[in-house]
Structure formats: structure tokens, C-alpha cells
Amino acid sequence: MVEVQIIGTGSYLPERVLTNEEISKVVETDDEWIRSRTGIGERRISTGENTSDIAAKAAFAALENADLTPEEIDLIIVATATPDCYTPATACIVQNIIGAKNAVCFDISAACSGFIYGLNIAEQFLRGGSMKNALVIGAETLSKILDWNDRGTCVLFGDGAGAAVVKAGKEKGILANHMGSDGRGSNLLKCNAAPVEINNPILRKEVLGDRVTGSTGYLFMEGKEIFKFAVKVMEETIEKLLEKAKLNIDDIDYIIPHQANLRIIDYTIKKLNIDKEKFYVNLQNYGNTSGGSIPIALDEMNKKGLLRKGQNILMVGFGGGLTWGGTLVKWSK
Ligand code: COA
């Protein structure tokens, strides 16, 4: 039986810190509101690096931590809602930067659940036996799609990338996974691509007349609806993972939740009556980095020496789509 282990982690955060005070000079908000409603104190913002640049830096760090060369990677998955281009995939650009010439590369679009989706997809390839080592990256430059006039969203998000190297082996690693999607909520958290009717000079006049419509998108969110959805799927996903792995909550050493909002995490802690200390939280420093959030937290924990061989680590996320998912891992490094 093939088992799949996480053997390395890495992350990269742009250097530029953007504080709540600075944002309050752009939109009508203040540090107290942002901290009390979300827990966020500051975030990192790209000053020109694109998603592939920060993804590649996280990838290099993860490879070093895994003690593998880029040539040993068979698969690169980049989870991102903010790719460099419509095409090619950001994963192919990363492949070129890091020199992983033997890898098959593609992106997945699952918003803030993207890293979990990516990990679970990589697991299937590795268990199938056709590949040995995969690099799963969650990377975002959300600052380029934020509406900096919308105080309900621009205070929440940040830029950053995290990566994990996963390997097929004999020792137990990933114990359970769970994923779900509900397209009925696809309008609740979205960012439009280029509008189809604008770009064609032949049909533009015929279809639109003098009407100007659509725009390449900024992120739009129905915050309250997302909040309700988030607390529901956090609870369900944690329970599902425990059930699938035949474990109970006392067997779990750490829970790494998607770093969206402290109130969502606190709600889950209360609802499931879980020890607060089990939850790793770093959103005060980075805000919501979407696909980057869970792997950045995982890498931070790894660097701090919090992760020990044999521990059970539960990762759980949710996001636009709507999508949600989790992975339960026995730490094997
Ligand atoms: N600063 C100050 N006031 C703000 C604000 C800001 N940054 N953003 C919104 N407000 C205002 C609103 O305009 C509203 O004012 P009004 O009552 O005069 O209309 C008031 O605060 C309440 O807004 P509301 O949207 O009801 O706030 P909320 O308590 O629901 O908190 C969120 C808003 C976004 C923090 C909350 O809904 C949330 O966290 N949702 C989940 C978001 C999320 O996690 N998304 C990512 C998913 S991957």
C-alpha cells in the first residue's frame, strides 16, 4: 500500500507590510474595527512580484526543506485565484523558474480551499503509483484584484505563498481527506474575468450600442453569507475527517484552519468544544492569503519546531466556489 507523506514545507511573504492604519487613510475604517471584527492587524503586499515569483520562492524553500532537487519533482500544482495569466498555468511558469524539468504542471482554481484541493489531488497521483514526488503550492497576489474602495473586502486580504513537498512512501502520512463544492453559492465570493462582450470590435457596437458594461473584476463578497457558510463547513469538515480517520478530537495535536477571520475560528472552537491551544493562528500578521493561508501556517509551525514525528495535524479550509475541504496528516518528518 502506497502512503503519502509531507516531507518539506516552505513559504514566502512579500516584505512590504501594510498596516490597518495605512488602509484607514485609503478607505473609511480603523484599526479597532478591523481587529475586533477580523483579528487582522497587518498584511503583506506585493510591490511588483507576481504570483509565480512568490510561488517559486516558496517552492525553493520547500525543496530545500525536503532535501530534494527540482529535477526530482514529478508534479507541480499551483492553487491560486490570482494567476499571472489566463494561460499558461502559473505552475508552468514556476516550473521554468525553479528548473523542475521533469514535472507535469497545472493550476487549480478552488479559491481559499485551493491548497487542500491540491494536496488531495497530489495524493491521488502518488497513491496511483505513476508519480513519486509532488510540489503543491498555494500562492496569491490578491492585492491586484482587490477593490481598494470597498472597505468590506480590502481590509481582509493579503499576498503570500506557501508550499509543501509530498512523497509516495511506506510510512503513514495523509490519513484522511475531505472536499466539497456548492456552485449555488458561486456569486457570494467572486472576481470576474474579462467580460466577453467588450473585446470584440465587430460585435461590440451591435451588442452593446453605446452601453458600457462589465469590467475585468475586482473581488466581490457577501461577507455575512460567507461567514455563515464558513462556520458550517468548518465544523462539518473537522467531524468528517475525524470520522474517516477513526480518530477523536483528543487525538489531534494541531488544527490549522484557513486564516480568514478570528471570529470564524473562535466560533468553531466554541461549537465543537475544542481546546483553543490546538488551533494555530497567524492571521494577525498576514490577513487572508487565500490559497497561501494554510501552507504558510504549516511552514511557520515547521520552522518554529512545533511539528513532531507522529503528531496528527488537521488542516481545514473553505472559500469561493463555494468550496471547502480538509486533510488529516500524521506528521512523518
Ligand atoms: N471598517 C469600518 N466599517 C466597516 C468595514 C470596515 N473595514 N467594513 C464594513 N463596515 C461597516 C459596514 O459598512 C456596515 O456599516 P452600516 O451598518 O453602516 O451599513 C457595518 O460595518 C457592518 O457591516 P457588516 O458587513 O454587517 O459587518 P460584519 O459584522 O458582517 O463584518 C466581515 C464584516 C466581512 C468582517 C464579516 O462578514 C466576515 O468576516 N465575513 C466572512 C468573510 C471571509 O472570511 N471571507 C473570506 C472567505 S475565504
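Note: Cβ is positioned from N, Cα and C throughout, glycine not excepted.
Residues or ranges marked as domain 'Beta-ketoacyl-[acyl-carrier-protein] synthase III N-terminal' by TrEMBL: 106-183.
Counting every protein chain shown, the Cβ of C112 (active site) has 32 other Cβ atoms within 10 Å. Secondary structure from DSSP puts C112 (active site) in a helix. Summarising the annotation, TrEMBL assigns active site to C112 (among others).
Secondary structure of the domain 'Beta-ketoacyl-[acyl-carrier-protein] synthase III C-terminal' (242-331) per DSSP (helix as H, G, I; strand as E, B; remaining residues coil): 39 helix, 22 strand, 29 coil. Residues or ranges marked as domain 'Beta-ketoacyl-[acyl-carrier-protein] synthase III C-terminal' in TrEMBL: 242-331.
Every protein chain considered, the tally of other Cβ atoms within 10 Å of the Cβ of H258 (active site) stands at 30. If you look up TrEMBL, you'll see H258 (among others) marked as active site.
Sequence annotations record features per position, and here TrEMBL assigns region 'ACP-binding' to 259-263. Tertiary proximity for the region 'ACP-binding' (259-263) is limited to same-chain residues at least six positions away from its ends with a CB under 8 Å from its CB atoms, namely 37-40, 112, 156, 227, 230, 281-284, 286-289, 293-294, 296-297, 318.
The Cβ of N288 (active site) has 24 neighbouring Cβ atoms from other residues within 10 Å, across all protein chains displayed. What TrEMBL records for N288 (among others) is active site.
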**Prompt:** If you run through the domain 'Beta-ketoacyl-[acyl-carrier-protein] synthase III N-terminal' (106-183) with DSSP, how many residues end up as helix, strand and coil?
**Reply:** 26 helix, 30 strand, 22 coil
